[in-house]
Amino acid sequence: MRLHKLPSEFQKALPILEKIKDAGFEAYFVGGSVRDALLGRPIHDVDIASSSYPEETKSIFPRTIDVGIEHGTVLVLEEQGEYEITTFRTEDVYVDYRRPSQVSFVRSLEEDLKRRDFTVNALALNEEAHIIDRFDGLEDLNNQTLRAVGNATERFNEDALRIMRGFRFAASLDFSIEAATFEAMKENAPLLENISIERIFIELDKLLLAKGWRKGMEALIGSGAFDYLPDMKGRADHLRAFLASLTDGFAFRTSEQAWALLMVYLEPTHHKSFLKHWKTSNDFQRTVIKLAEIYQLRQQGPVTKQLCYRYGKHLLYLMEEIRQAQGLAADFKQIDAIDESLAIHDKHEIVVKGGEMMASFELVPGPFLGHLLNEVEVAIIEGVLENRRESIMAFIKEKIEHE
Ligand code: ATP
Ligand code: MG
């Protein structure tokens, strides 16, 4: 099969293929970009596979960076852009279900395509816009089917991350997982325990952010693979409730939003440790925990000035979107109105600083001072105290006198 027209991303990269060919080697566009071009989706990275070995690739191009030379990948810097060129390779022996113990460079495209995960990811495209399709990836693309290349059980046994990638592609492509592939996912799911959490997180995160996230989650639940993910063991009902809680067509806006709701539904003993088990960054943990708190506080009551001040409008909006998608009362205008009514959005905006209060009233650091500062802050937020020097000083004076 031939593409009617080579998309511009490939056109732009054609001189790279030509240079490799002129040097006497084969070169093709491969992987996700070919798949996405055929699906009419936006193309991100144009990856190139070549029969040239890394050293040979480096001798063809004046400017290169060794980004993963042990895997055969060289980054080529040319006028039109940066391209990863990876030597055709096989990954023959797998010892830890995680990474190939040995990468062998080969001179055959076919061998390279064979080691790829799914048939729709195992397509290659040459400079004449001709598609090389050794595993009926085109047919699977047409049928919106995700199918492992070759023997599914072997493929997942070699690298269990492919199971998570499969759920992720089901979500991002909105494809159905072919029956034998799905069976093999179920069967090999325990091997996920050998895969680094960081890599699993990346896949689950991409899954959740995909438009077709429901399809991906359904596959994750249906396969039982969640049993081998951190803090999800035995939580099928929780995951189903999470899925069922949101209206069809809803898509998460941010990772934090998705993970906050997922966490609320999973009901881990501690939010912090859940997020730690998932090896997420401190920043991510902080935001997700706040979002989960907002969700729970909103279950208990309306948006208040305190809530708005403490968490900020942006985070409240994210959880209000969730409420809306769950058919709960949601009021974005109310958040806006409260936010606008706040005299301060941060304690640094209080016109009298703590140091000045201490000096003026001969206060010393300690619980009393802390309590007092907090009272000033709350009174300003509630609008019962003006954020003016005289008002604040009078407020403190009175508090001290009543002490
Ligand atoms: P995306 O659009 O998310 O980048 P992609 O298909 O390009 O999707 P990548 O992770 O960028 O996915 O990998 C590029 C290609 O490398 C894949 O299309 C696939 O052919 C191959 N590949 C990547 N990871 C694996 C793996 N774990 N096992 C087998 N093949 C893989
Ligand atoms: Mg890619």
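In case you wondered, yes, glycine gets a Cβ from its N, Cα and C as well.
Sequence annotations record features per position, and here TrEMBL assigns domain 'Poly A polymerase head' to 27-147. Summarising the annotation, TrEMBL assigns ATP binding site to Gly32, Arg35, Arg116, Asp159, Arg162, Arg165, Arg168. Residues or ranges marked as CTP binding site by TrEMBL: Gly32, Arg35, Arg116, Asp159, Arg162, Arg165, Arg168. What TrEMBL records for Asp45, Asp47 is Mg(2+) binding site. Look at TrEMBL and you will find 174-232 tagged as domain 'tRNA nucleotidyltransferase/poly(A) polymerase RNA and SrmB- binding'. Summarising the annotation, TrEMBL assigns domain 'CCA-adding enzyme C-terminal' to 251-396.
Here the features listed in TrEMBL are painted onto the structure.
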| residue | record | contacts (Cβ under 8 Å, 6+ apart) |
| --- | --- | --- |
| Gly32 | ATP binding site | His44, Asp45, Asp47, Asn121 |
| Arg35 | ATP binding site | Val120, Asn121, Leu123, Gly137, Leu141 |
| Arg116 | ATP binding site | Gly31, Ala122, Val149 |
| Arg162 | ATP binding site | Asp117, Phe118, Ala148, Arg155, Phe156 |
| Arg165 | ATP binding site | Asp117, Phe118, Glu203 |
| Arg168 | ATP binding site | Glu203, Leu204, Lys206, Leu207, Ala210, Gly216 |
For the binding-site residues listed here, Asp45, Asp47, Asp159, which shows the highest count of neighbouring CB atoms within 10 A? Asp159
Counts of helix, strand and coil residues, the domain 'tRNA nucleotidyltransferase/poly(A) polymerase RNA and SrmB- binding' (174-232), according to DSSP: 44 helix, 2 strand, 13 coil
Suppose we screen the binding-site residues Asp159, Arg162, Arg168 by Cβ distance to ligand 1 with a cut-off under 6 Å; which survive, in sequence order? Asp159, Arg162
Look up Asp45 (Mg(2+) binding site) in the DSSP assignment and reduce it to helix, strand or coil. coil
Would you mind sorting out which binding-site residues among Gly32, Asp45, Arg168 put a C-beta under 6 angstroms from ligand 2? Gly32, Asp45
